[in-house]
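Features as listed in TrEMBL:
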ACT_SITE  Glu356  active site, proton donor
ACT_SITE  His387  active site
ACT_SITE  Lys507  active site
Amino acid sequence: MTKPTSLTQQPAWQALERHYDQLKDKQLRELFADDAGRGEKLTAEGAGLFLDYSKNRVTDETLRLLLQLAEQTGVAAKRDAMFAGEKINVTEGRAVLHTALRVPKGGTVMVDGVNVVPEVHAVLDKMAAFADQVRAGTWLGYTGKPIKNIVNIGIGGSDLGPVMAYEGLKFYSQRNLTVRFVSNVDGTDLVEKTHGFDPAETLFIVSSKTFTTQETMANATSARAWLLGTLKDDSAVARHFVAVSTNAEAVSKFGIDTTNMFGFWDWVGGRYSMDSAIGLSLMIAVGPAHFQELLAGFHEMDEHFRTAPADKNLPMLLALLGVWYDDFFDAQTVAILPYDQYLSHFSAYLQQLDMESNGKHVTLEGDLVDYQTGPVIWGQPGTNGQHAFYQLIHQGTKLIPCDFIGFIQTLNPLTPHHDLLMANVFAQTEALAFGKTRQEVEADGVEAEQVAHRVFEGNRPTNTILADKLTPRILGSLIALYEHKVFVQGAIWNINSFDQWGVELGKVLASKIVPELQAGAEPDLQHDSSTNALIRRYRAGRRAE
Ligand SMILES: O=P(O)(O)OC[C@H]1O[C@](O)(CO)[C@@H](O)[C@@H]1O
């Protein structure tokens, strides 16, 4: 295999380094003063989303060079390879085809010579039939009572997507059903999430791609014990447990009838799986029609990403701006700031999507990278964050590029809340970009020794993403926007965005330590002195309980 030119040797990268030296001290104030039309020019639209990226520290030249970098690193060809089902997840020898999950009926996506779209829709139809039964109260529990409570048991991609979208689309959900999500192996999670539930009215959805994940299996086993503690008959499991997995054998071994299993495929990565059967809990909550709308939004963004010219392509632009700060300004983090309470879990969802995908230190060829890869993703919904961490973004010493996400219409029109909320979006991005100069502070008549504290340097970059209203379709398109942003960045950095070996070592060590915590006699501990001492201290504490 011939190695591609190393990223830092690409002409566009080197030109960007030189360009950075010229631009790094340039103020957004100047950039806006130089071009009265900047705020309208540096925008793009697609799949129901409007992006204003004018408040970024870029000029036409920066954008030209970033687009050149995308070209020189072959982003378009890599994107086409993903959509075509090539095995771009090279360390696991798999295709990466979450985009096939939202191809409309009648479409074609070939994997190993088979069109997978009919299979995708067969599973969606099976999910819809089941969801309709649960919603109508005709899926009866073991004692003949209809199901009122749904508990999704899963972790990582088998939890974060469904919980984020369930919260995101709560407005559209059937309110007589209570839906909860158990993920943590901490028993508190299961105990608290089943608190107050009648087992005879409770359905567990065990969601796990592999059906071997320690946390999920422990929670599912304890949930079954909780159920049988009341219902006292193993055959009750069939009415109260369904599974979502790619591993039919393990599902059956756990005791769930595979007719109650909803499948998906190894070409769907965990963090890209919320629009597969992993979204079953969401579909039950919001109904199959809204779920279809969500898929349509994903697909619309897929098509935009596949076909829009690079300089108008939302995922491409977001990704390139991210690379600009990450690799040239050395920004370590990105804040995701949705101004919508329904998106309270959106940043947590993006943490896995982005950090598990692009938290990599070697290239596709296995060489150590000599540039920064994925940033730390974090955030909170506005306006809460403003009263917590925005101080540091405005006046701290770190550069934190932010994505502000807002909606023109609210789902809950309670005068004057929405105008207050959105005024804060516009005010924050304005304040971050333009700050407040010493002269302006002095003009306010502030005492001389107080002036420095009240100066805002500004020049803090932001993107603003606006959509008309938070609908299932818009949510789908927003998620796909970030999926593809992560893809483009991974393509530029020449890393594999689709494996996650970094989570393995901890898993292996934990399974080794579990028996050491549980052994009756003092085990022969072979760890380092810190780990040995911590284990001994824990064991001593447990004996004293
Ligand atoms: O769906 P599973 O197989 O239980 O895996 C859960 C999660 O564990 C991981 O493999 C590692 O954290 C994620 O990629 C995945 O989403």
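Placed from the backbone N, Cα and C atoms, the Cβ positions cover glycine too.
The structure, with features from TrEMBL marked on it.
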{"residue": "Glu356", "record": "active site, proton donor", "Cβ neighbours (10 Å)": "23"}
{"residue": "His387", "record": "active site", "Cβ neighbours (10 Å)": "10"}
{"residue": "Lys507", "record": "active site", "Cβ neighbours (10 Å)": "12"}
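Rounded to the nearest whole angstrom, the C-alpha distance between His387 (active site) and the residue listed as 'active site, proton donor' is 29.
Looking at Glu356 (active site, proton donor) and Lys507 (active site), their Cα atoms lie 15 Å from each other.
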